[in-house]
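S.K.: The compositional bias 'Basic and acidic residues' feature in TrEMBL is assigned to 341-350. Per TrEMBL, the feature region 'Disordered' maps to 320-350. For 24-43, 63-80, 86-116, 123-143, 163-183, 190-214, 226-247, 259-279, 291-308, the entry in TrEMBL reads transmembrane segment.
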């Protein structure tokens, strides 16, 4: 009996022995990534506004933003963040790295409030706090990274029936959204743009992780560039990122930043965790307590993003004041000053 107690105690010590050095590296890179990406949303939005004032807006099919320097500053900032995110996936599991994108929501919301004058309600601040608490919960209970010796092992995981079925569903759904629903509802329903970005993004993260593992092994002396699987994953990443950027630009140009960021985060994170669980079997290396705690942390993050979304049209003030302020036109950028509408006001006037 005593030996069983000792064995049980030892097993729990093994479970909670702390984060590995690789997980810590992934954590630091993921936090840095969120800071850059959160700021890039605002810079790109400013660039899209400037480009839309003198050309065809991205939300209606224009590409004048490609000639706007400010948009390129935002794009470079995002690339830096994505590179850090890319490196994070090489060291830590997606269940740890992806939810930390909640920090980018906080940065986007705060900067949108300060720079773009998109109001952030008090409950929005509470939502930011919930995102932080949920992220910390997930970090403390994240699984250890799976030991992989070759990129061919990742390819074997990606070609198992369960993940092939998931990938087929993602591709089919994305094509239906792009060719059937977006032409009709893209300008009025935010979920269609964000849906395409999130679905395709879940596949890109799995491929990015594969490339990150290949580069890490190559730098350690085991060359993975000789395998065709490495280049296959690279092509998948390129196609997915181009698709994501195209429809994310349309979403940012059509809808409010404070709405796009949290919804994109929730959908992207949920689908990425699902893809990671299917492909890398992250939960196979955890006990039920850890899995439930991670899910609780994720639900906490969802609650925070829900608050940010639901308070987008609310302003602080006495109860006697109307919820939505009267419309005004700002001479500097032509944008109204009322609350945080779901849809950009200039697109409603056009």
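In case you wondered, yes, glycine gets a Cβ from its N, Cα and C as well.
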S.K.: Would the transmembrane segment (123-143) and the transmembrane segment (291-308) count as touching if the test is at least 3 Cβ pairs under 8 Å, pairs 6 or more apart?
M.R.: yes
S.K.: Looking at the stretches 24-43, 63-80, 163-183, 190-214, 259-279, which one shares the most CB pairs under 8 Å with the transmembrane segment (86-116)?
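M.R.: Answer, by Cβ pair count: 24-43.
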S.K.: Short question: most Cβ pairs under 8 Å with the transmembrane segment (163-183), which of 24-43, 190-214, 226-247, 259-279, 291-308?
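M.R.: Looking at each of 24-43, 190-214, 226-247, 259-279, 291-308 in turn, the most contacts to the transmembrane segment (163-183) are made by 190-214.
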S.K.: Which residues of the chain, 6 or more past the ends of the transmembrane segment (226-247), have a CB below 8 A from one of its CBs?
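M.R.: Same-chain residues near the transmembrane segment (226-247) but 6 or more away: 150-152, 154-155, 174, 193, 196-197, 200-201, 203-204, 207-208, 210-211, 214.
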S.K.: Short question: which residues 6 or more past the ends of the transmembrane segment (291-308) have a Cβ under 8 Å from it?
M.R.: 95, 99, 102, 105, 109, 123-124, 126-138, 141-142, 258, 262-263, 265-266, 269-270, 273, 283
